[in-house]
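Below: one structure, written as structure tokens.
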Amino acid sequence: MGLLEFIKDYFLGFWDYETPKVMVVKNKKLGVIYRGVQFLVITYFIWYVFISQKAYQDSETRPESSVYTKMKGTALQGDHILDMVEYVRPSEGGDVISTILRREVTHNQRQGTCAEHFTVPRANCSKDADCISGEVNFDGNGQRTGRCVPYYNQTFKTCEIQTWCPIEEKSAVVSFREPALAEAINFTVYIKNAIHFPKFKVLRGNIKPNKRNGQKYLNKCHYNEKKHPYCPIFRLGYIAEQAREKFSELCRTGGVIGVFINWKCDLDLDPSECTPTYSFRRLDLRKNLPSSGYNFRFAKYYSKDGEEFRTLIKAFGIRLDVIVHGHAGRFSIIPTIINTVTAMTSVGICSIICDWIMLTFIDKNDIYSDRKFDDDSKVPSPSQLLTVPTEFTISYGSNHSDLSEGVAL
């Protein structure tokens, strides 16, 4: 056969239509498996893919979102009344806002020289030669002067440093630990969220529009999933409870709590049905690790007799991180066709599984194999074909091979 004939045969054969041979296997056990797998595949696509996952919809999972937070409440600490200016950081909240529950205060710090804390590496000394002038230890509190001085009212000595004195440390030598702000359990945080799905041009907010008495309603309500779903005002005690945390423990060590706003919108329904759900979870590690809890430092500066002083505050509190997730979907013909074809194709796996069982485990597998596959060695030779009568009959009906004929099942 020449190259030209090969190309011609290949080209003509390219347009041939091939179809698999259908074989009917009358075996009840195999039939139960076949229909059972079919039922599972069809149920999976109808219930999970189309009903649960809404695979017939075009979806958007990266919406645009904005968050505004504000905290309210007053508390009495000794003779002082504290309001949100005292305990909220930052005062104008975004998606992160913190409230101070406990403070450790170091008063009357000023620039000068004093003894380094004894826990700082190589800070302990017995003579000036042990301290290198100008050296800065990044685990310490300042620059060393080269002198070895008594450690405050103690008998031992440490290297002198130039810094804000007296230094702030864990010991109660120079710091004052204020009692926890237990009344903060009733403080409220207002979380205003707007979300935009640009693909579908849908803009939603977590506050229901009400021109008449909307502000009055927000001044009186607290969030309740059933009674007040459009009132995004949460008590700190409620947030700690939903996050499964003890408020007294948060006052002691502080903590980071995530406020998750989840928008799952089916835009085939009315847009008013697109409402958020809220969940709360502790985010920082808290298994007695040095990094557990949440605290930060800030200072208040003032002048006295022309000299600058500051009050250093180490604050422990609750940090709220507002995290917004969004998912919106609307019917689209393209994903519907794609997933429908996938479902129809996946039904074919039933035949593959049953064929494997039939040809591997059933004791009549040799008989099934002979009917399933054609053996070239059994094809009559050209000389034998010449002896075949030319008379033939065309039968219109089923071309199925029925293995029940002559096979004891």
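Cβ atoms here come from the backbone N, Cα and C positions, even for glycine.
Automated prediction, rather than curation, is the source of TrEMBL annotations.
According to TrEMBL, the protein carries these features:
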TRANSMEM  32-50  transmembrane segment
BINDING   K70, M71, K72, T188, N295, F296, R297, K314  ATP binding site
DISULFID  C114-C165  disulfide bond
DISULFID  C125-C148  disulfide bond
DISULFID  C131-C159  disulfide bond
CARBOHYD  N186  N-linked glycosylation site
DISULFID  C221-C231  disulfide bond
DISULFID  C265-C274  disulfide bond
TRANSMEM  341-362  transmembrane segment
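Feature map: annotations from TrEMBL on the structure.
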residue	record	Cβ within 10 Å
K70	ATP binding site	16
C114	disulfide bond	21
C125	disulfide bond	21
C131	disulfide bond	22
C148	disulfide bond	19
C165	disulfide bond	19
C221	disulfide bond	14
C231	disulfide bond	18
C274	disulfide bond	18
R297	ATP binding site	11
Filtered by Cβ under 8 Å and at least 6 apart in sequence, the residues in the chain of K72 (ATP binding site) near it are M84, F187, T188, V189, Y190
Within 10 Å of C274 (disulfide bond) by C-alpha distance: pick out those among the recorded positions C114, C131, C165, C221, K314, and say none if nothing qualifies. none
A 10 Å Cβ contact count, applied to the recorded positions N186, T188, N295: which residue has the minimum? N186
Length of the line joining the Cα atoms of C125 (disulfide bond) and K314 (ATP binding site), in Å: 29
Integer Å distance between the CA atoms belonging to K70 (ATP binding site) and C131 (disulfide bond): 50
Between the two most separated Cα atoms in K70, M71, K72, T188, N295, F296, R297, K314, the residues recorded as binding ATP, what distance in Å do you get? 23
Looking at the recorded positions C221, C231, C265, N295, R297, whose Cα is closest in space to that of C114 (disulfide bond)? R297
Considering the recorded positions M71, C159, C265, which residue's Cβ sits among the greatest number of other Cβ atoms within 10 Å? C159
Looking only at Cβ atoms, how many others are within 10 Å of the one on F296 (ATP binding site)? 14
Counting every protein chain present, what is the number of Cβ atoms, excluding its own, within 10 Å of the Cβ of K314 (ATP binding site)? 18
